[in-house]
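**Q** Not my notes, these are from TrEMBL:
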REGION    1-58  region 'Disordered'
TRANSMEM  153-172  transmembrane segment
TRANSMEM  184-203  transmembrane segment
DOMAIN    196-575  domain 'Cation/H+ exchanger transmembrane'
TRANSMEM  262-289  transmembrane segment
TRANSMEM  295-316  transmembrane segment
TRANSMEM  328-355  transmembrane segment
TRANSMEM  361-384  transmembrane segment
TRANSMEM  396-415  transmembrane segment
TRANSMEM  427-446  transmembrane segment
TRANSMEM  458-477  transmembrane segment
TRANSMEM  483-506  transmembrane segment
TRANSMEM  558-579  transmembrane segment
Amino acid sequence: MPGNDESVVSNEPKRRVSIITDPVMESRMGHDNLGFEPNSKRKISQHSSHSEDGPVRRKSNLHHAHNVDSAAVNSYEQRVNGEVNRTKKQSFSEVLAKINQEYETGQQNAHLEQSWIYSLCMRCRVEYSTPSWEPPGWQKVCPYPLCPPYRQFARIISIILIGLLLWTTAYVIIGDSAAPGGQLFQLAVLTVAANFGGFLISLTTLPRLIGMLLVGLLFQNVGWVNLDGEFTKVTAELRKFALVIILTRAGLEMDPKAFKKVYVTILKLGLIPWTVEFLLIGVLTHYFLDLPWMWSMMLGSIISAVSPAVVVPCLFRLRTKGYGVAKGIPTLIIAVAGIDDAASVAVFGIISSIMFTQQGLAFQIAQAPVCVLGGLGFGVFWGFLCKYVPEKGDAYVVPIRTLMLFGGGLLAVFGSEKIHFEGAGPLGVVFAAFTASCFWCGEGWDLEDNPVSTAFEIFWMIFEPILFGITGASIKIRELDPHMVAIGTGCIYVCIIVRIAVTVGIAFGDKLNVKEKIFVAISWMSKATVQAALGPVALKAVASQHRSEEEKHLAELVKNFCILSIILSAPLGALLISISGTKLLKKTKPMLEPPEGWRRSHRPSLHDISIIDEEEEREDIEGIADEDTAANTLSNAQSTSVFTVTKF
């Protein structure tokens with residue numbers, strides 16, 4: 001009978017659909033983890049109250065079938081009986097005691113996982129996919145989740161011990177400079193503090209480099225660091241090392257296939273807005289700050305560069321959610337940023353060579369063509385050499401290729417400076433990396449998982465706090481001119497607005513709608529890496545050649561203007577990219593594989609910016625139908641049809 005059939009169906013246990021997800025790899029459970037969720041739990045369904053540790057699991061496409069929400073039933077019964085239970089506020093000790101109790105029993109309460117202490121502590125923890133050993137009684141001494149796991153704690157201790165060993169060795173070899181109070185010791189302390197300051201700032205969703213700059217600024221103006229005098233030569237060389245790493249990463253990030261398909265668009269959007277901002281900065285600073293034309297144009301060549309250190313993490317976060325992927329907007333923006341930086345560094349090198357060279361007029365006229373052709377020629381030659389040296393089947397091909405590319409970049413930068421053609425070196429670095437990447441991709445390497453690029457990411461992790469720490473430490477607030485700060489702020493924002501308008505205006509015929517054009521234009525407003533690397537170069541050149549006090553004042557003004565542009569544009573640009581991307585770009589379903597033109601290494605980026613609503617992301621990811629479940633559903637439907645036909 002119908003009634004009996006219904007009772008049988010209602011008493012049957014519901015079929016559980018298995019959803020296979022990728023294993024949880026070792027990753028930081030915080031701002032720099034692309035899979036991080038504030039509530040850090042795996043949902044079985046949309047209405048399920050059960051949860052366990054791990055990343056959010058996708059829902060089955062059958063999750064609407066016969067779901068019973070016990071929490072909803074309990075809530076309904078309470079309303080019917082007129083009982084309203086209010087959650088009692090718990091103290092810190094009570095929350096911690098419950099977390100420890102449930103950790104020991106293996107039961108995790110969803111309410112506790114949503115508490116502030118749990119979310120805050122989980123941001124600093126690392127979860128491992130392999131078994132981890134802990135000393136007996138570790139949880140009593142270092143309770144979960146307040147303290148890190150023993151493996152993470154041991155790793156931190158090992159890094160500290162390695163640092164102490166290196167410092168001891170340096171002290172024995174160098175002497176007083178490496179002793180506490182010495183300039184080398186101060187630089188080491190500044191680097192460590194800048195790295196920590198960058199981590200704290202990244203928790204607020206701002207770029208790490210802002211925290212590094214602020215730490216350097218604090219150390220200088222409180223009197224904790226002094227990098228002046230003969231030690232400026234050391235900091236100047238460290239900036240050049242950082243510049244080689246920046247330009248090499250820019251060359252490796254450029255996709256040859258994407259560049260070949262849309263090279264006209266890339267060159268148009270990369271050179272025209274850059275030229276407009278370059279000329280506009282030169283004109284404004286000449287008339288409002290009384291800079292000579294050569295000095296104002298040199299400043300314009302620095303300020304007009306885009307910062308990949310700010311742009312890439314923001315775009316990577318949007319890409320993982322599917323924004324702009326369909327039209328390849330992330331690839332376009334990264335490629336243009338590389339062309340933009342190459343143009344800035346090349347023009348800066350040519351202008352500075354003309355300004356500070358002691359040669360005649362003919363030598364100065366030859367600067368531009370020789371720098372461009374020489375840089376391109378060296379880059380193509382060295383990239384071609386990296387194809388055959390080492391041999392691609394060598395067991396040590398990755399470290400040798402990394403050192404070859406890094407050594408070639410250092411040779412280009414320092415060698416071009418030695419022969420007084422500074423503009424050729426940086427251009428050669430970019431094209432050497434780009435040429436080598438083209439050959440390596442043709443031999444089977446994947447641009448999105450290039451091991452050499454991963455090695456340069458590690459190099460950048462080391463040199464980033466050094467670069468931005470010493471850049472911030474070069475600012476002395478008491479010596480800043482308020483007139484320069486006010487005029488400089490106006491010039492920077494005027495040029496940013498004009499560049500955005502020009503980019504939107506010339507992006508016709510590129511298959512982008514108005515919203516996408518606005519987003520692309522906004523993404524190129526951030527200044528950071530090139531400005532930090534090149535800002536103090538003129539000051540070093542003036543000091544080394546014992547120029548006049550007026551020229552020293554102009555070089556100081558250029559350096560302070562560059563740092564001001566970083567502070568004003570980097571955090572604002574990061575926020576606008578992350579917020580406007582969800583409003584202006586079209587969203588597609590997140591892909592299992594990264595789209596063309598993006599390289600994603602096996603480890604998450606340390607500069608990832610997470611200010612987008614995580615609840616929205618969780619719903620989007622859960623909405624993707626599982627392929628296995630869909631196949632089972634189709635198979636069941638076909639079986640039912642066959643059975644019905646056979647029965648009739």
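Quick reminder: no glycine exception, Cβ is built from N, Cα and C everywhere.
Burial and contacts for the listed features, if you can.
**A** Listed as Cβ neighbours of the transmembrane segment (153-172) (distance under 8 Å, sequence separation of 6 or more from its ends, same chain) are residues 142, 147, 178-179, 184-185, 188, 192.
Within its own chain, the transmembrane segment (262-289) has Cβ neighbours under 8 Å at 296-297, 299-301, 303-305, 328, 332, 335-336, 339-340, 343-344, 347, 484, 487-488, 490-491, 494-495, 498-499, 502-503, 506-507, 510, 520-521, 524, 557, 561, counting only residues six or more beyond its boundaries.
Tertiary neighbourhood of the transmembrane segment (295-316): same-chain residues 34, 207, 209, 246, 249-250, 253, 274, 277-283, 285-286, 289, 324, 330, 333-334, 336-338, 340-341, 344-345, 347-348, 351-352, 355, 464, 492, 495, 523-531, 534-535, 538, 554, 558, 561-562, 565, 570, 573-574, 577-578, 581, 598, 600, 605, 607-609, selected by CB-CB distance under 8 Å and a gap of 6+ residues from either end.
A Cβ distance under 8 Å defines the sequence-distant neighbours of the transmembrane segment (427-446), meaning residues of its chain 6+ beyond its ends; these are 244, 247-252, 254, 256, 338, 341-342, 345-346, 349, 371-372, 374-380, 382-384, 386-387, 392, 401, 405, 408-409, 412-413, 416, 452, 599.
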**Q** Test the contact criterion for the transmembrane segment (458-477) and the transmembrane segment (361-384): 3 or more CB pairs under 8 Å, pairs 6 or more apart in sequence, then answer yes or no.
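**A** Output no: the transmembrane segment (458-477) is apart from the transmembrane segment (361-384).
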